[in-house]
Amino acid sequence: MRTVIVDYGSGNLHSAAKAFERMAAPDQHILVSDDPTEVARADRIVLPGVGAYADCRAGLMRIDGLAEAITDAVIGAGRPFLGICVGMQLMATVGEEHGETPGFGWIPGRVTAITPDDPGLKVPHMGWNDLTHCADHPVLKNVGVGAYCYFVHSFHLRTDTPDTCLAQADYGGPLTAMVGRDNMVGTQFHPEKSQAPGLHLISNFLNWKP
Amino acid sequence: MLTVRVIPCLDVKDGRVVKGVNFVDLRDAGDPVEQAKVYDAAGADELTFLDITASSDNRDTLFDVVSRTAEVAFMPLTVGGGVRKVDDIRKLLLAGADKVSINTAAVKRPDFVKEAAERFGSQCITVAIDAKSVAPGRWEIFTHGGREATGIDTVAFAEQVVSLGAGEILLTSMDRDGTKAGFNLPLTRAIADAVSVPVVASGGVGTLDHMVEGVTEGHASAVLAASIFHFGEFSIAQVKAHMAAAGVPVRPVDGGTAAA
């Protein structure tokens, strides 16, 4: 079993890789790669991402054949996919950060600026927040409502289809914490930085058979 | 609900902890990685390493420490000290840091903050500001551990670096640092109310009430302390229990998951 963490120049893959290695079974190999061939061969795909939506999209497109390899694996071959932070936001139809930028379009919706009802709330939404709503989903097993997860973001994914929103948190209004459908999930929070609940989620993903 | 972060800070020199916890059961109490593991288990919300290595020849020891920490502590790690170039930030992020704090280099050339935020994203750029009172309601930026005055107004500088892309401000009161007299609350509040991004209060914590005041009166989003943790005066759990009792939202030390 090979899980590829896609390296397209966005952020710290070291800590993400270490968290996946920690939770991987002996027969599960964790690989960090920007090679479309490796993505095509992978049994599972993780797309991390930090920074601005438009920059991440540009970074992804800069590597010839990478976005196509991800699409083929996830949509064509139905391999399990986990997007993290901007990697999750890229699952949406379009992002509004630094101009309108198309995403993969797997989750109908837009990535829009967080605008808390309370003007005293800071943006970025940074720190540990608890999940207020969770769908019954294998990747959320033993995580659930009340689990504190680490967030750092200024935009979030507003889904057009409520059934694709798998978890929410509250920050002057509901925030999308996790999305998914079929063989794909994405978390706005960083499971690799969320201690016990995050490591549970990673383990659930590595063992998920959608 | 978003919780207030409690952040222990470790001073690291030549890859070793200078000011750190006196845990008797550690194999090597001078190893920052061992201490990071303890804080991870204790329910700290983040960890900050401040590198005070004088010689740039020994910077590689820091990258090694950061890399080994990322293997054992699954919480956010901020690293600061001696960050002067975009390449310094890149190396720290690649080693496993989640945020990098910029201090003197931001004062010398504020556009460095912009370059860093554009390259890596605001979420991983913290600007560390060291401020001293110079008149009632006026605070000036100091560099070089509080020895060099700059003439720069702290509120104006904080607003400037946030407009350039800083995602967080780590604010240290040089008047209070090491005094255990509590945070400089008027300073903390002035900055926290002036900027849109989270402010981490630092410098002067001596009691559990000080941690509460930093949030309720200083309007900080996070509180950072060094000596009260390192000398074993208070545990993370004690700090959080006290803050919770005072009505400040904190993350339970068990992470809040049923399975933890």
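From the backbone N, Cα and C atoms, a Cβ is placed for every residue, glycine too.
All annotation found in TrEMBL is predicted automatically rather than curated by experts.
Residues or ranges marked as domain 'Glutamine amidotransferase' in TrEMBL: A:4-206.
Same-chain residues at least 6 positions away in sequence with a Cβ under 8 Å from that of A:Cys85 (active site, nucleophile) are, in sequence order, A:Pro48, A:Gly49, A:Val50, A:Val152, A:His153, A:Thr187, A:Gln188, A:Phe189, A:His190. As annotated by TrEMBL, active site, nucleophile applies to A:Cys85.
A 10 Å cutoff on Cβ-Cβ distances gives A:His190 (active site) a total of 25 other Cβ atoms nearby, all chains included. Under DSSP, A:His190 (active site) is assigned to coil, being neither helix nor strand in the three-state scheme. Among the features that TrEMBL reports, active site is placed at A:His190 (among others).
For A:Glu192 (among others), the entry in TrEMBL reads active site.
A:Cys85 (active site, nucleophile) falls outside any helix or strand according to DSSP and counts as coil. Listed in sequence order, A:Ser15, A:Ala16, A:Lys18, A:Ala19, A:Phe20, A:Ile84, A:Gly198, A:Ile202 are the same-chain residues at least 6 apart in sequence whose CB falls under 8 Å from the CB of A:Glu192 (active site).
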